[in-house]
Amino acid sequence: MTNKDARTPASSQTGEALASPQGDQEAGKSIGWHKAYVAGSRPDLRVPVRQVHLTNGESVTLYDTSGPYTDPSVDTDVRRGLAPLRENWIIARGDTEEYAGRPVRPEDDGIKHTSPRGGLRNLDAVFPGRPRQPRRGRDGQAVTQLAYARRGEITPEMEFVAVRENVSAEVVREEIAAGRAVMPVNVNHPEIEPMIIGKRFLVKVNANIGNSAVTSSIEEEVEKMTWATRWGADTVMDLSTGRNIHTTREWVLRNSPVPIGTVPLYQALEKVDGRAEELTWEIYKDTVIEQAEQGVDYMTVHAGVRLPYVPLTANRKTGIVSRGGSIMAAWCLAHHKESFLYENFEELCEILAAYDVTYSLGDGLRPGSIADANDEAQFAELRTLGELNRIAKRFNVQTMIEGPGHVPMHKIKENIDLQQEICDEAPFYTLGPLTTDVAPAYDHITSGIGAAMIAWWGTAMLCYVTPKEHLGLPNRDDVKTGVITYKIAAHAADLAKGHPGAQEWDDALSDARFEFRWEDQFNLALDPDTAREFHDETLPAEPAKTAHFCSMCGPKFCSMKISQDIRREHGGTRTEVEEGMAQKSKEFAAAGNRVYLPLAD
């Protein structure tokens, strides 16, 4: 894990400044960037930021999701895991207890009792970090940030995200208490750097990782997680469906500085050899507890896929495209019974409240093609999600709502408007949406368009789409492309919404561009490495980093250089400009106020 891999230029190119351990750091003013920390009200509350030092002596502070991996003063080791940042905060509240937990079974990793344990691949399989017992609320208490917020308490986690978001801690508490924002922070994931999801805050981006029966290993998934967070992923979902699901998840959680989400239904299905009709509430419940004990911060639950809604998909062009949705539809039809997730939802609420696991209520009937957008099945499920959201709130469980999908541009706004109305403004978490179906290999672009639009109108978190969508499992480069694409969409929405400080980043880069400060442009970019690479393809020499032109227009046709020349030759102070205008007015009057003057002989 080197700094060269970070969401920042390599240190050898920028003269990277090391971060000091003090709050609100200004350590190391060399040009480039360094990891810094803004101090809170207590010694153990230090909020990470990326500070970019510019060649003009100014600096820009940016939101940072990369965790300790980009702090050269921290010795990270994936076999040891990250330091438990929140552990003392959790213990100090006095409302949780450690307990033995459920035993880890072979089937948790998709292995039969008769199978050898040797199916685990890479990283020596079982996580070797410090032994830990799971923690849960005492005596059935809800130990959720929602419960605290409703009691008027401002937790250290709330203060942490307030500093990150450049808002007051009271705003954070109010939004969580109202159900308009969630903070996924399982008590068993103390390594997390708290973040918040809600329409009053910065638009967040989720990256998906996960193995499958066809490809990938534990080591690859851990590396994908750290890679995604370095490029700006605010949360990561582990959607593993192959072997080693439990073990992969343990490695990911112990090394993740961001919230980790899952779809418990996938692992439950593995436990019954992929036969949906053999699923039971007991198997699903056990899987949820297993994942909650490990520290999963939010879970997608497809409780809105009900038996009466399945026939509504019969005339669709692409039917049910959600994996979780199709599993639950198959179960409902096999038993001709109501969904066990819907019928046992209140018991599920009690479980999640004991660990502070956030609901991500799944859109199992989302449209999988433009033709199916905004149909009866989609909105029937949405109405049920609104009902379930209100039940979850009774149990003090934080809740967000998942959304589509494939939606043409003219139908996007209806989705966010209905969701906000039906679900009492609970945070909306959408997959894109994809605005056209004609671009396999470019669906990060088709969906990025929809993502920017729906985030502008109020979606709180965007689930990224990579170039491999509909084609295969994304690799490392695909993950980076997906994250960068969606960070662009999210930031564009932050600008449109007028989020505090959002435009400062753009203004800093615009100034650097106009003043031909190439290194500053690279260092301020979402993807500094690619920006530098593209520039150097045509102007690789070091003096080109100070040239007042690039290879697109050359020195004679650069519009910004011409603009600078005009300012230099004809510009001046505002007073000088106004005096010049007044003089021209007098000359016009002296000429008889004539618009057209006679031609000279």
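The chain as shown is numbered from 1 upward.
Just so you know, glycine gets a Cβ as well, placed from its N, Cα and C.
Residues annotated as substrate binding site in Swiss-Prot: N208, M237, Y266, H302, S322, R323, G324, D363, G364, L365, R366, E402, Y429. Look at Y266 (substrate binding site): DSSP puts it in a helix. For Y266 (substrate binding site), other Cβ atoms within 10 Å of its Cβ number 20.
Here Swiss-Prot flags H406, H470 as Zn(2+) binding site. Taking a C-beta cut-off of under 8 angstroms and a sequence separation of 6 or more, H406 (Zn(2+) binding site) has the following same-chain neighbours: R366, P367, G368, S369, I370, D372, A373, G432, P433, L434, D437.
Here Swiss-Prot flags C550, C553, C558 as [4Fe-4S] cluster binding site.
Annotation comment: Swiss-Prot describes 100-112 as compositional bias 'Basic and acidic residues'. Listed as Cβ neighbours of the compositional bias 'Basic and acidic residues' (100-112) (distance under 8 Å, sequence separation of 6 or more from its ends, same chain) are residues 119-120, 133-134, 242-247, 267, 270-271, 286, 289-290, 293.
Residues annotated as region 'Disordered' in Swiss-Prot: 1-31 (among others).
The annotation region 'Disordered' is assigned in Swiss-Prot to 100-141 (among others).
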(request) Might you list, by sequence position, any residue in that chain lying six or more from G364 (substrate binding site) with a Cβ less than 8 Å away from its Cβ? (result) H302, G304, V305, I320, S322, G324, G325, S326, M328, A329, E381
(message) From the DSSP assignment alone, can you count helix, strand and coil residues within the compositional bias 'Basic and acidic residues' (100-112)?
(response) 4 helix, 0 strand, 9 coil
(request) Work out how many Å separate H470 (Zn(2+) binding site) and Y266 (substrate binding site) at their Cα atoms, rounded off. (result) 18
(request) Name, in the order they occur in the sequence, the residues of the same chain whose CB lies under 8 A from the CB of Y429 (substrate binding site) and which sit 6 or more residues away. (result) I197, N206, S360, M400, I401, E402, G403, T459, A460, M461, L462, C463
(request) List nothing but the largest Cα to Cα distance in Å, as a whole number, among the residues N208, M237, Y266, H302, S322, R323, G324, D363, G364, L365, R366, E402, Y429 that the record says bind substrate. (result) 20
